[in-house]
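Per TrEMBL, the features are:
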type	residues	note
DOMAIN	9-400	domain 'FAD-dependent oxidoreductase 2 FAD-binding'
BINDING	14-19, 37-52, Asp221, Glu383, 399-400	FAD binding site
MOD_RES	His45	tele-8alpha-FAD histidine
BINDING	His242, Thr254, His353, Arg394	substrate binding site
ACT_SITE	Arg286	active site, proton acceptor
Amino acid sequence: MSIPVRKFDAVIVGAGGAGLRAAIQLSEAGLKTAVLSKVFPTRSHTVAAQGGVSASLGNSEEDHWHWHMYDTVKGSDWLGDQDAIEFMCRKAPEVVVELEHFGMPFDRTDEGKIYQRPFGGHMSNFGEKPVRRACAAADRTGHAMLHALYQRNVKANTQFFVEWMALDLIRDEDGQVLGVIALEMETGEVVAFHAKATVFATGGAGRIFYSSTNAFINTGDGLGMAARAGIPLEDMEFWQFHPTGVAGAGVLITEGVRGEGGILRNAAGERFMERYAPNAKDLASRDVVSRAMVTEINEGRGCGPNKDFVTLDITHLDPATIMKRLPGIREISIQFAGIDPIKAPIPVVPTCHYQMGGIPTNYKGQVINENGSTVTGFYAAGECACASVHGANRLGTNSLLDLLVFGKSSGDTVIEDMAKMPKTHKELPANFADKTLARLARLENQKNGSNVHETRLAMQRTMQNHCGVFRFKDKLEEGVQKILEIEKQVAITEIKDKSKVWNTARVEALELDNLIEVAKSTMICANARKESRGAHVRDDAPDTAEFPNGRNDKEWHKHTLWQRDGNKLSYKPVNMTPLSVETIALKTRSY
Ligand SMILES: Cc1cc2nc3c(=O)[nH]c(=O)nc-3n(C[C@H](O)[C@H](O)[C@H](O)COP(=O)(O)OP(=O)(O)OC[C@H]3O[C@@H](n4cnc5c(N)ncnc54)[C@H](O)[C@@H]3O)c2cc1C
């Protein structure tokens, strides 16, 4: 069976910060560029980013990209690739000022410079004391950024396909990527987007967990599509739990609140972070703070009738500062916790927030195969990609920066690569749509199958209980078995509504096909990594003199690669060679 084909120079899947930044590069270079998105561009999850975007502008105090690089390597627990980290931190001032020139309405200092606030793990002078590095527009930085990028794309005549869901990559026998197959949600029509370059910017997959700060659309579609096309996924065991999700609701309270002076307290009102991170205290990196909170709760010092949360206190701040710098947070607290933070502390718990792993790329945005070669025609940027700058733990505000830097660099690489490609498109293989159409037909004709909502819930609960902030050997082993069982249910999902127009049931079933790939890779990689590092902390890899923090560099200082076919695992070395400066040598991490 054949489907309609549309031809473009480049197709970008995703219209969040990474997709829009890449699109500006391509459209302004005159390439015929299509951007596909499940939602209107400015509703992408980037819109929810609150706290800021990092860059060593040094607007309020001395700062240097090399310090930023050091903090990022340390934050990553030395799993980040040092070439990519240097590239990102050096480029940061340039891309942030560029964004300002695109019209981004940053807050200002009294001298009219971009306002910067402190953020967890960002320090001056190679780890001395917190530094003001997060460039912010109140507590709505992502919102301001996404709108600025979208407007710039409108000016550049980028062609948007809004409410289109990409279903699968098109890859030929040589392994070259030739575009995607996508579903128009409004009509149910399936169309091929034939392109010389395909850029994935599909964002995160936090919805594999039960409690998440992520939007409902964050279902890891890019990862699912890449995995089905035989591309490995990198470092999937590393998930960041943000310390401050509103207890019971999951909605995020930005770390910027602690940057502005907020303090975490246990039931006794104690500022417990002083015990866990005497130097950085409440501004230690996220994995450290999340674990401290869970330890307080587990040891009976949690708040409330069930002792199951701690509080974030800003009652000592000037109400005028709260209204000016954190208006969105006050609104969220009132709406979701019924508490005005000017008057009372906010109940918070660690909540799944960010995936450090993803589709393997280099710092140019090219996707990298298992054997280290690049995949012709395929690029990825943003949260779906693993460059790897965040390693085992991302620092706050480094993701918005990642979108700008790698969105732009992947666009530049596409332009360079395309100049070397033949003028005409490489022909599509005869059977390019077969697997996708078979998947759709299976869903259409399924009888006596499983319920999508129930299956997804089972997956989310399994991930939450077996692969959370702390990880236990037995729970992980059991988790692998459970997820493999749930995968069988995903293979037989059934939808009752067969209509073509705006069928959200079909979309949710197709999203579950992607979620399960992410969940499976996460559980399997976490079970395999027998050490603690960054966000991955196991009970059977405790803190000892031989292995401080449970980290075992001799055996585990390496990236994981998972392949869907046979759940095969392999490993590759961490790149310890920066582009221009000296290696930041392995060290024990403490804050
Ligand atoms: C609540 C919250 C607050 C945050 N705050 C900060 C912060 O202050 N600073 C910071 O640095 N980071 C922050 N982060 C992290 C950061 O915002 C995200 O990592 C980042 O915005 C992801 O951007 P992206 O462009 O990769 O993807 P997204 O913005 O998630 O966009 C993904 C795009 O892909 C599209 N898409 C997905 N699948 C398909 C498909 N199958 N077909 C077509 N289109 C598809 C979507 O429609 C969307 O347009 C925050 C995250 C959250 C959840």
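Backbone N, Cα and C define each Cβ position, glycine as well.
A TrEMBL annotation is a machine prediction, not a hand-curated record.
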Practice task
Could you state the whole-number distance in Å separating the C-alpha atoms of His45 (tele-8alpha-FAD histidine) and Val39 (FAD binding site)?
Solution key: 10
Fill in the blank from the handout: Looking only at the recorded positions His242, Thr254, Arg286, His353, Arg394, Val39 (FAD binding site) has its closest CA neighbour at His353
Problem - Close-lying binding-site residues around ligand 1 among Gly14, Val47, Ser399, where CB distance stays under 6 Å - result: Gly14, Ser399
Practice task
Provide the three-state secondary structure of His242 (substrate binding site) computed with DSSP.
Solution key: strand
Exercise for the section: Report, as a single number, how many Cβ atoms besides its own are within 10 Å of the Cβ of Thr254 (substrate binding site). Expected result: 29
Practice task
Within 10 Å of each Cβ, count the other Cβ atoms and name the one among the binding-site residues Gly14, Gly51 with the highest count.
Solution key: Gly14
Handout entry: Arg394 (substrate binding site): nearby recorded positions from Gly14, Ala18, Arg43, Val47, Arg286, Cα cut-off 10 Å
Key = Arg286
Exercise for the section: Cα within 10 Å of Ser399 (FAD binding site) is the criterion; apply it to the recorded positions His242, Thr254, Arg286, His353 and give the hits in sequence order. Expected result: none
Exercise for the section: Find the average pLDDT over the domain 'FAD-dependent oxidoreductase 2 FAD-binding' (9-400) in the predicted model and report it. Expected result: 96
Practice task
Taking only the Cα atoms, work out how far Arg286 (active site, proton acceptor) lies from His242 (substrate binding site), in Å, as a whole number.
Solution key: 6
Handout entry: Other residues, Cβ within 8 Å of His242, Thr254, His353, Arg394 Cβ centroid (substrate site)
Key = Thr213, Gln240, Pro243, Leu252, Glu255, Arg286, Tyr354, Gly396
